[in-house]
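Marked as region 'Globular terminal domain' by Swiss-Prot: 2-479. According to Swiss-Prot, the feature N-acetylalanine maps to Ala2, an assignment based on experimental evidence. Residues annotated as region 'WD40-like repeat 2' in Swiss-Prot: 68-107. The region 'WD40-like repeat 3' annotation in Swiss-Prot covers 108-149. Marked as region 'WD40-like repeat 4' by Swiss-Prot: 150-195. Per Swiss-Prot, phosphotyrosine is recorded for Tyr184, Tyr634, Tyr899, Tyr1206, Tyr1477, Tyr1487. What Swiss-Prot lists as region 'WD40-like repeat 5' is 196-257. Residues or ranges marked as region 'WD40-like repeat 6' in Swiss-Prot: 258-301. The region 'WD40-like repeat 7' feature in Swiss-Prot is assigned to 302-330. The region 'Flexible linker' feature in Swiss-Prot is assigned to 480-523. The feature region 'Heavy chain arm' is assigned by Swiss-Prot to 524-1675. Among the features that Swiss-Prot reports, region 'Distal segment' is placed at 524-634. Taken from Swiss-Prot, the feature repeat 'CHCR 1' applies to 537-683. The feature repeat 'CHCR 2' is assigned by Swiss-Prot to 686-828. Annotated N6-succinyllysine per Swiss-Prot: Lys737, Lys1441, in sequence order, evidence recorded as similarity to another entry. The N6-acetyllysine annotation in Swiss-Prot covers Lys856, Lys1441, Lys1501 and rests on similarity to another entry. The repeat 'CHCR 4' feature in Swiss-Prot is assigned to 979-1124. Summarising the annotation, Swiss-Prot assigns region 'Involved in binding clathrin light chain' to 1213-1522 and lists similarity to another entry as the type of evidence. Per Swiss-Prot, the feature repeat 'CHCR 7' maps to 1423-1566. The region 'Trimerization' annotation in Swiss-Prot covers 1550-1675.
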Amino acid sequence: MAQILPIRFQEHLQLQNLGINPANIGFSTLTMESDKFICIREKVGEQAQVVIIDMNDPSNPIRRPISADSAIMNPASKVIALKAGKTLQIFNIEMKSKMKAHTMTDDVTFWKWISLNTVALVTDNAVYHWSMEGESQPVKMFDRHSSLAGCQIINYRTDAKQKWLLLTGISAQQNRVVGAMQLYSVDRKVSQPIEGHAASFAQFKMEGNAEESTLFCFAVRGQAGGKLHIIEVGTPPTGNQPFPKKAVDVFFPPEAQNDFPVAMQISEKHDVVFLITKYGYIHLYDLETGTCIYMNRISGETIFVTAPHEATAGIIGVNRKGQVLSVCVEEENIIPYITNVLQNPDLALRMAVRNNLAGAEELFARKFNALFAQGNYSEAAKVAANAPKGILRTPDTIRRFQSVPAQPGQTSPLLQYFGILLDQGQLNKYESLELCRPVLQQGRKQLLEKWLKEDKLECSEELGDLVKSVDPTLALSVYLRANVPNKVIQCFAETGQVQKIVLYAKKVGYTPDWIFLLRNVMRISPDQGQQFAQMLVQDEEPLADITQIVDVFMEYNLIQQCTAFLLDALKNNRPSEGPLQTRLLEMNLMHAPQVADAILGNQMFTHYDRAHIAQLCEKAGLLQRALEHFTDLYDIKRAVVHTHLLNPEWLVNYFGSLSVEDSLECLRAMLSANIRQNLQIWVQVASKYHEQLSTQSLIELFESFKSFEGLFYFLGSIVNFSQDPDVHFKYIQAACKTGQIKEVERICRESNCYDPERVKNFLKEAKLTDQLPLIIVCDRFDFVHDLVLYLYRNSLQKYIEIYVQKVNPSRLPVVIGGLLDVDCSEDVIKNLILVVRGQFSTDELVAEVEKRNRLKLLLPWLEARIHEGCEEPATHNALAKIYIDSNNNPERFLRENPYYDSRVVGKYCEKRDPHLACVAYERGQCDLELINVCNENSLFKSLSRYLVRRKDPELWGSVLLESNPYRRPLIDQVVQTALSETQDPEEVSVTVKAFMTADLPNELIELLEKIVLDNSVFSEHRNLQNLLILTAIKADRTRVMEYINRLDNYDAPDIANIAISNELFEEAFAIFRKFDVNTSAVQVLIEHIGNLDRAYEFAERCNEPAVWSQLAKAQLQKGMVKEAIDSYIKADDPSSYMEVVQAANTSGNWEELVKYLQMARKKARESYVETELIFALAKTNRLAELEEFINGPNNAHIQQVGDRCYDEKMYDAAKLLYNNVSNFGRLASTLVHLGEYQAAVDGARKANSTRTWKEVCFACVDGKEFRLAQMCGLHIVVHADELEELINYYQDRGYFEELITMLEAALGLERAHMGMFTELAILYSKFKPQKMREHLELFWSRVNIPKVLRAAEQAHLWAELVFLYDKYEEYDNAIITMMNHPTDAWKEGQFKDIITKVANVELYYKAIQFYLEFKPLLLNDLLMVLSPRLAHTRAVNYFSKVKQLPLVKPYLRSVQNHNNKSVNESLNNLFITEEDYQALRTSIDAYDNFDNISLAQRLEKHELIEFRRIAAYLFKGNNRWKQSVELCKKDSLYKDAMQYASESKDTELAEELLQWFLQEEKRECFGACLFTCYDLLRPDVVLETAWRHNIMDFAMPYFIQVMKEYLTKVDKLDASESLRKEEEQATETQPIVYGQPQLMLTAGPSVAVPPQAPFGYGYTAPPYGQPQPGFGYSM
């Protein structure tokens, strides 16, 4: 039996299977902060990636393109911390957002999450904690101790409260790995250096201590051996006993001399220390005692990272092969292991108690029994209470304590036991009962309540029953905790807490008999019963049938409570609740009509029987409700006429629910019944629904009853809103007939809907006493003329006066016109005008009179109004017209009168006198009218004076338009007359601007010359001089130079710039020269005229530095570098030194540049100037001056100049410069170009730069200095990034031997890396294939196998390719290669070893084909190896197809135990072919999975009898008995025939065989067959057959046996019958006892049958002479 293990070991996944490159599985690239995530940094092609593996979904790794030096996942969430250089960032992957970032001043060499929100950062000097919460920066915790200097930091740990911090590092010393730790106390701020390799903190609570102790565990492998230390850090908490220090040896096997601890985790659940070593060993130690529990090797590779495994309270880690492994305590096995294997029962007991582990039951029972036997009951009680899994907390233990009598004055052992259990936790069900029974008997109920509150008792139904007799409320609490629903609900009902019943029942999913409960509650309290009933139906699905609940209410005649219940229960108004709604309304209509009225009024229900309820409402006197429910018109008309019993407002609304026809019928019925009583309601209904009922129908209905009063009130209610003209007309008619004249006036005044003509004619015909309505209609609709005629002809002149005085005085002009038309006297008209003073339009009155040529009629009235001080324009207009027509000094009136309208009067004068029109228009500033009059009458002088005085730019713009045909004469008058007369500058300014705006430059010049040059008051005006020159620039450039020379008071710089912009460069030059602006003048010569010779002459004449500078700049731009430099020197201007240097560089004027830069250096000690001066000296080959300059004080960038000299191949100068700045790298490059190779190598050694080594190396290769090249190359190849370029350089030049020599020499370097081994292997494959195999066998683990694979394949090195595929675990490719190139690559042992590891099973069949073709004699060996994974059916089909089955017979025999049909049939065919009948019979008996019938049919025709015998055997096996027997008879196999007939159990077949024996005269066979088929043969048939054939002697033994059996049966039957009779007699005398259990007989009594001889196949043949079973009845 295998030994039990105390640990459970599990491999969770293989990182390489997830596509992780093995090279990236290491301490520097893989991190695991917890068992949730693994984070790996990879480089795929040129892209850096971070792979995050979620351990809950490892098959879907997350890949992110992130370039970082390190990445660590948060222990719990998808938050990642990234480090790139000194920059730290924290990202939330799910939110895709950056949480925090910080840049450190020092490099972070190690970092780790120490909690869910804190990262520890370790630099070379200190340790920091960085919280990801808020905006906090990293906080320094402590400085690193000197003992950790030079160590590789491998871990950082803290205790639970982060009060103790531990930094761990390792270093190589004296050929061993030494561990160094720094333990730091946050509170004391002190550090202690400790030698150790792995450590962890733990919280441990010792027995008897109140608080947990903080333990520090660390392991060390020193020169003397390994030790595990467990100590308590800090001062023990108050009241705690200090934890005793532990120091135990850590065993390391002899073969692991260099092994040391690398990781430690402590299981908080089991208090076990997990220690892992470098060589993959795991050690388990008990935390409390330090005892070693278990040690074994779990990994052949180093486990370099670990974390706690929360799911199992164990440890999880990753080794270098990429296996993710976990180890945890096997709870079922650890205690038995400690007990049986370690033989440490004390530790087993201690761990079992401490961690509640099973496996120590026997130890605890033994200890308990021993203490109990000694009378040490208190200790026994402790053992029983502390035993894990409650193994001793049994009723038997309680009975044992109960059996012990209590000592006087002492607590009984039972109570001691219960006391210990209560201190530790909760009692179980039996313990709770046994404790509470005596407590309740003593009346100490408060103890029970206390224990229940503290959850010390396990509640049960039995405990509740026990408590209920004392306190039902307390019992309720027990029942609730015990979850006994029926008892809980019973207690709720008994204690009156019915509101909790439903809630509790729903909560626990219990369904009691709700109706029974309701009856009980209703009997006790109807109010509580109502409340309970409402709770039953408050959900969507009622708990009980509402009808049954209502029946319960009605049983107790609780109408009010039932109503309240139903109102609440039926509030959702469901269709299915219709009968209940009817029942609710019915009971209230019969017993409380007011309640029913309120319910109906709230419109809560809609699904009750409306017809039935309507009848009940009418009987109850609720006519309104009855009408709401009536649907028949007869019923409605019967009720609706009683309007005095109905609410009028409701009745009006009710009509809205009736159809139009029904409404009209009801209205007719109301008027017919009592028109006086019902008229008001009728009118209200008609008013509200006139749109639906049609106003015309209602009007006709009123008129049919001759009710004009009703019609008036009805139409009065709608006329204000109606747009129907007929309604308004009918309303006017009704108002007239009812004498409502004021209403007629109002509607005539306010309505806009009636037909005015129709109403006017009606009012004329009506002959009303008051004509005001008619006046209003005529006034509103402009029938004034008709009105005047009607009133004048009917002698109603007083209404004319009333009209113009009171109704509408503004209509006076129309009335006057009408009166003039009827030849009314002038006196009457004048009097009427005087009566209506100022309340009408004078213009209209003048127009009416003027139309009739009676204007003079108004002269006295007009003069009187002016005399009164009237300022109305119309009055003055009329008077002006009269004065103009009468020629009564009109011009004076027009100039002096300020009140008339200039446009009106001017228009009146245009044809009569244009001059007067101009006067009128000018007075009113009527510009357009004035212009038109002047243009039409050629009054241009007047117009020009008016325009100048007007000073309106817009007006000027309108007359100066090119489209104006009168523009030229107007301009002539402006220049000659208007401007000459003016002295106002503003008038001149506006006029000039107008000409400018109109774009009339020539006219403007003419105008300005008149003003400026003709010695006017405006001659020296600066703006006008500027304008004159600018206009000339624009219009006539020939005059510009003249104006420049004649005028002096203009803005020279602005004018000059404008001249330049208009390409008048000479004029601009003249202006600048005239005003001595020389810099601008020379600029014009340079930039615009472009004549540098004139500029040079001008500069010599001026001799100003600024002018020389401008000239120099221009010369420089034109490429005249030498002249430019001379000009800059004359200007003494070094400001443009950069442009000068650039130009000199381009043109090569180095000598001149030296002069310029020497001048510039005197003016400014610029670094650029001195740098360029050095380069210029180098270019002019003044090396002595250069060396003197650079050795003296200077600010030049010598390195930069050296690089330029180097680039331009001035290597001598570059040598001086690089030497000066000690740039050995560039010096070495320079020396290479000078051919000084040895000196170049020395310089490269001083520079120690990869780039320099590479450059010198390449130069040495080109110079064939291979020894020096190799010296350089050895410094390059250790850098993996540079290796490829170096190899390509050698290869491109064909120096393969030298390259291989260099790489072979480099393999021994300390910094030799994978790329070197890989590239050397590739070179071997190309140039020295004979050395390839040896190299791979030595260094296969250090080469990049995929890369070498490609090289080996390209070089056709098939054996080496197979070797690499095998090492790279690409077994499929290895097999394919061996099969494709068997001559070079195939080796039998290697092939069979690899083929079993392939992933693609298809290769098995290709391998079989390969062996069949190349190695047929070894095929069976291969098949034996492949058989575990081979599909045998497919293999057999293949061999059958190629007809090679005999070749693989050994394979077929070896796999036949699988009972495969194809294998069986193939082997059987081989046996038949080989005529091996014995092997065939053995195969058939052992393996039955083949086509039996097909094989039998094939064999029955075989020429060998043994094979035909097997055919009969097969027919027998398939129940083809007759065919089998016939075949035996044919081949004279008599024994087989008798045996098969016997086995068939077929009587007919056996008798046929007997007959055949007799026919063939085989009497001996007949006798043998009688006994062989004894059970099948019928004695009568045998007797008859023997008698007929006279062979009674052969049959006699058979008959003797038959007689013997039958006599035995009869004797047994007789004995059985006698026994039965005796039992019957005994039964008759026995009294009937009802208490005895009754038997259920499954069948009646039957005749006993003696036992028969056994038959095969579970079937018993009936005895001869007994009835055979029929189809359900006995025959």
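Just so you know, glycine gets a Cβ as well, placed from its N, Cα and C.
Shown on the structure are the features that Swiss-Prot records.
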residue: Tyr184; record: phosphotyrosine; Cβ within 10 Å: 21
residue: Tyr634; record: phosphotyrosine; Cβ within 10 Å: 7
residue: Lys737; record: N6-succinyllysine; Cβ within 10 Å: 13
residue: Lys856; record: N6-acetyllysine; Cβ within 10 Å: 12
residue: Tyr899; record: phosphotyrosine; Cβ within 10 Å: 15
residue: Tyr1206; record: phosphotyrosine; Cβ within 10 Å: 20
residue: Lys1441; record: N6-acetyllysine; Cβ within 10 Å: 9
residue: Tyr1477; record: phosphotyrosine; Cβ within 10 Å: 19
residue: Tyr1487; record: phosphotyrosine; Cβ within 10 Å: 18
residue: Lys1501; record: N6-acetyllysine; Cβ within 10 Å: 9
Out of Tyr634, Lys737, Lys1441, point to the one nearest Tyr1487 (phosphotyrosine) in space (Cα versus Cα); all of them are modified residues in the record. Lys1441
Cα distance, Tyr184 (phosphotyrosine) to Lys856 (N6-acetyllysine), nearest Å? 126
Hey, how far is Lys1501 (N6-acetyllysine) from Tyr184 (phosphotyrosine), Cα to Cα, in Å? 97
Rounded Cα distance in angstrom between Lys737 (N6-succinyllysine) and Tyr1206 (phosphotyrosine) is 128
Once the DSSP letters are reduced so that anything not helix or strand counts as coil, what is Tyr899 (phosphotyrosine)? coil
Express the distance between the Cα positions of Lys1441 (N6-acetyllysine) and Tyr1477 (phosphotyrosine) as a whole number of Å. 25
Six or more residues out from either end of the region 'Flexible linker' (480-523), which same-chain residues have a Cβ under 8 Å from its Cβ atoms? 452, 459-461, 463-465, 468, 472-473, 529, 531-533, 535-536, 538, 543-545, 548-549, 552-553, 555-556, 558
Looking only at the modified residues Tyr184, Tyr634, Tyr899, Tyr1477, Tyr1206 (phosphotyrosine) has its closest CA neighbour at Tyr184
Can you tell me which of the modified residues Tyr634, Tyr899, Tyr1477 is spatially closest to Tyr184 (phosphotyrosine)? Compare CA atoms only. Tyr1477
Reduced to three DSSP states, the region 'WD40-like repeat 7' (302-330) has 0 helix, 20 strand, 9 coil
